[in-house]
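**Q** Found this in TrEMBL, in case it helps:
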- D212: active site, charge relay system (ACT_SITE)
- H243: active site, charge relay system (ACT_SITE)
- S399: active site, charge relay system (ACT_SITE)
- 204-444: domain 'Peptidase S8/S53' (DOMAIN)
Amino acid sequence: MAKKDANNSSNGGAANRASSSVDEILLAALERDDNSFETGRYLVTFKEGASEEGYQSLQTQGMRVADARDFDDQAVVMENTGDADAVIFPEIGVALVGGSAAQERSMNAFAEVATDSPVLSVDPEYFVFADSMYSEFLQASAGQSTPDTSSEFLRGFLQATEIIAKEMRGNGNAQVDIEEEIQVLGATWGLNACRVPASIRSGVGIRVAVLDTGFDLGHPDFVGRPIVSQTFVGQPVQDIHGHGTHTAGTACGPKAPAGTTPRYGIGHRSSIFVGKVLSNSGGSVGGSVLAGMNWAIANRCAVISMSLGGQGGVQPSYTAAGQAALNNGCLIIAAAGNAGAATGYPANSPTIMSVASLDSTLRPSSFSNFGKIEIAGPGRDVFSSWPRPTRYRTISGTSMATPHVAGCAALWAETSPAMRGLTLWRKLQASARRLPQPVTRVGAGLVQAP
């Protein structure tokens, strides 16, 4: 048995094990109060084609290694990995290593081995957030002397679940702030802008993975719709936050919702795969997100929608995941971010399609990140599904633009079995509606349905 470093307060002690829960890691980060978005754990990215050799190298280091392939459908939950020092994600060629295990084995030295090493890089694991939550934090921090401290941000997540649950237990009219404002024209402005109502495609036969806060599995608009779901954060898939239900609704919602509700969903006959990679507070860690990406690729989901991220540089682990997706006929589509700054991770990886947000005048949203942008989608005042009893809500963000692109990608994927991976990426860009703004703001333009 390898010794666990329970006294290392600078790295959260036992809370930075490979098997630690998201909440444990968040609490440990608060105790450190070091204004860092690092979790204390590490991500080891292996060179393409060298994954098996890389896994063996971890074992050579004396680590107890858990393999996602040992779990049904490769749906690994960190809390279920026991005393493992590391968890490997074979589809993407990445391993998560606990902080104590990494320190004991000098992971920095491990990364600086010979050029024939299977290891590409060893990097800190970072926190990840639902993009709308990150923008709300930035707005709330405006005017404060230290708006960029992570401790205040993380502390908010520890309170968020209780607040959200209280709101959802309230009266049935809570948070219904837009339904009466919608002009019922048969479809939302976003779907009309993307030419979805005119498309003959439905996404039938196309697997769409939505990696987010889960989904309201009992939502009346999805009754009878097969949904494959897994959690990667140790909480039930049932969506308490709302973000995941909203994004899944846009990407895969019904063609004809009940009553006078406008159509808000695009791939209305697509196969829905829900991966809960963000906790009920809207926060998570890189390892849980990568576990969800590994699962979606293992299930050969042609479209993988990710309305999440953080501000920071390109991370090799996400780049490797994006490349693995393309190699296997999958396409990862991610939100650029809402900080009004450079595109954040994972969308800034060159192998992941980055999505900017537009308002109803087809101008870039003021909050939308810029720089590496591949395409744009409707992201301002977007109406979609929401957990019961509210059922529907209108919110804004690149998080809302992303599932518009994902839904249209599912429609395009339906047109041909060859329309996968990089071919699908190129088709989305080639068919986009050109806009007068620079590519650093809108990429190829507004996504269009076939």
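Using the three backbone atoms N, Cα and C, a Cβ is placed for every residue, glycine included.
Automated prediction, rather than curation, is the source of TrEMBL annotations.
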**Q** Sort out for me which one of D212, H243, S399 has the most neighbouring CB atoms within 10 A, since those are the active-site residues we care about.
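**A** Counting Cβ neighbours within 10 Å, the top one is S399.
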**Q** What is the interatomic distance between the Cα atoms of D212 (active site, charge relay system) and H243 (active site, charge relay system), given in whole Å?
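**A** Taking the Cα atoms only, D212 (active site, charge relay system) lies 7 Å from H243 (active site, charge relay system).
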**Q** If you measure S399 (active site, charge relay system) to H243 (active site, charge relay system) at Cα, how many Å is it?
**A** 8
**Q** Going by DSSP, is H243 (active site, charge relay system) part of a helix, a strand, or coil?
**A** helix
